[in-house]
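Residues or ranges marked as compositional bias 'Basic and acidic residues' in TrEMBL: 1-14. Per TrEMBL, region 'Disordered' is recorded for 1-26, 262-283. Residues or ranges marked as domain 'Phorbol-ester/DAG-type' in TrEMBL: 193-245. Positions annotated as domain 'RING-type' by TrEMBL: 208-249. Residues annotated as compositional bias 'Basic residues' in TrEMBL: 273-283.
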């Protein structure tokens, strides 16, 4: 019994980088390992789901332990993954600022990372779609424009019908998002491919004036041309009745989007679950 418990709690330690003369050591338990395995299968998860996943791993492997703060929990994993050039990275969705986490490969570009899941001509289709998205003013590429490039693909010939199916495969694998016949990058792709995009498309890449991260979708100043993510716009102008550009001070002409509120989201989820439970009891 004791041996089984000790085995379940065995630890893997790996030294991390030094900061201020103090060496941080990563500590991986079975809880951390299970969490990492499940995150790998999902690719990317919103923060609310990440917290649920963490609690699930504790319930499975160590019910008696106190649930570690999420930031510390992920830092522990990252300090062990550091030597493998892998990191659990936190980001946000570009449309409404929902916090997300993804397992990011720091050693290779995401296009090459995708090689195990996609054929050469499928990867080339993704590159074509990516280039159209990066070059567009809106951060979207229409399915028509993408499919028109099928004849230029490397490798095996691909019909347009096949290409449509491949695009849906990219959506299912959380590399692309489709909205009304147009495609943009999923937050997973942005997190994993930011460095690749900056290096590959230096003249076309767009950067947010507020957070200085890669920008695919956002708003721009009609006077000076600076760009901002929608969540950054919402936060910057949160209590400003007359929004002005942070760069040139000219009037900001766009509608100010709403800020994502995690508390409201939790309340809505709880209310929905309660209504579902009530209906099931009534039946």
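From the backbone N, Cα and C atoms, a Cβ is placed for every residue, glycine too.
Each residue of the domain 'RING-type' (208-249) gets a DSSP state, and the totals for helix, strand and coil are 7 helix, 8 strand, 27 coil. Over the domain 'Phorbol-ester/DAG-type' (193-245), the average per-residue pLDDT in this prediction is 93.
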